[in-house]
Amino acid sequence: MGAPSREDEEAKKMEAGGDTVGQKLDAGALFVLQSKGSWLHCGYHLTTSIVAPPLLSLPFAFASLGWAAGLICLVIGAAVTFYSYNLISLVLEHHAQQGRRQLRFRDMATDILGPGWGRFYIGPIQFLVCFGAVVACTLLAGQSMKAIYLIANPGGTIKLYVFVAIFGVFMMILAQMPSFHSLRHVNLISLVLCLAYSFCAVAACIYLGSSKGAPEKDYSIAGANTRDRVFGVFNAIAVIATTYGNGIIPEIQATVAAPVTGKMFKGLCLCYAVVVTTFFSVAISGYWAFGNQSQGTLLSNFMVGGRAVIPEWLLLIIELFTLLQLSAVAVVYLQPTNEVLEGLLSDPKAGQYAARNVAPRVLSRTAAVALGTTIAAMVPFFGDMNALIGAFGFLPLDFAVPAVFYNVTFKPSKKGAVFWLNTTIAVVFSALAVVASVAAVRQIILDANSYKLFANV
């Protein structure tokens, strides 16, 4: 047998709680980000974090872009995010081979750009994006539960916040799963569910779009005037960016057992096979069926005046599969919060299941879910806020920052195509993040008059 590689040595160090980025692993990294998974598990985690119910908003984005621009943006989003996520993976692999395996986004920023970037920029933005995703999933789940209730009981009077609270209680139980790796089977089921509700949504669009009572198809750009249409374009870009968004690539790669080389790329290939299959089919069929009347989510187009316009059994299946996957998506995006709480409250010297660590874990995770559930119930117009979080968070984290990390780490020649491609991506998407944030703030201001705490929407 040959001498062990540096990655194998690093794996042994991590199992023993050894050094990674110049310091001993804290409880968050040691317990939540356990490195035991395969590339298949990595693919399941990636698919759950990207292919989620927000993809049902893609026809709405097309309404502000039209056929040509919509398809171009969808293709560019897929190409740039696959490229960017692979860049992050290559940087992580490089540091692992150097004996400094990084487990968190903020670890990368600290090691590559300096401690200020990890502590005051990457860390807070990632936390905001991920916890915002938890709130959004809780709200969407409540809306799905209410839709199922109204299908079974038309004219029912139970308020939205009741369903949000019910889902929150379920999430408090699911949130106790101890580590990211322990979600691998949940995320395999999630992968199957996203394919199932996407295909059902496509079938519903084809059924409705080709029926005698099909809605009138108008593919002109939505917006009353030029200014509205321009802001609509940037809002649509933010929607697409949020749909492709991830924000937890390093944490997902941290779940992979060493040696890590090549495993993330295989996981990305699995994930993007599902991405292309679902995103393009839902976007094209939804926009074809509803044109510029596409609502914020396709599910809203399937119910008009509180009544289903597609077969009720089909709508029930779509809502149920969406609801089930939302629980998996929410618990995945809760992992960075869990990791921070575990690092603050748990003792890495005690066992993961020691009473000293179990009690604060249960209480802190329950409190985090309770906070997210309360926000979702109080602010059911969270979609507007989430667009801002997507523009301010997902665009820089998933599009611009990976290119910067790669250029700083590998220092490609300024005469080469890679350097200028990465620089162009970083500059263009940073500018888009600023403009899309402005558009999202504008939309919040316009909708402010309709905001009402605990509204029943």
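For all residues, glycine too, the Cβ spot is worked out from N, Cα and C.
Just so you know, TrEMBL annotations are computer predictions that nobody has curated.
Residues annotated as domain 'Amino acid transporter transmembrane' in TrEMBL: 36-441. The annotation transmembrane segment is assigned in TrEMBL to 65-92, 127-152, 158-176, 188-210, 230-249, 270-290, 310-334, 388-406, 418-445.
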Should the transmembrane segment (230-249) and the transmembrane segment (418-445) be scored as in contact, given a threshold of at least 3 Cβ pairs under 8 Å and pairs 6 or more apart? yes
Go through the chain and flag residues at least 6 beyond the ends of the transmembrane segment (188-210) whose CB is under 8 A from any CB in it; none is fine as an answer. 43-44, 47-48, 51-53, 55-56, 217, 274, 277-278, 281-282, 285-286, 288-290, 298, 302, 309-311, 314-315, 317-318, 321-322, 324-325, 328-329
Below 8 angstroms Cβ to Cβ, which residues of this chain, lying six or more residues outside the transmembrane segment (388-406), approach it? 80-81, 84-85, 87-88, 90-91, 105, 108-109, 112-113, 122, 125-126, 128-129, 132, 238-239, 241-242, 244-247, 249, 412, 421-423, 425-427, 429-430, 432-433, 436-437, 439-441, 444
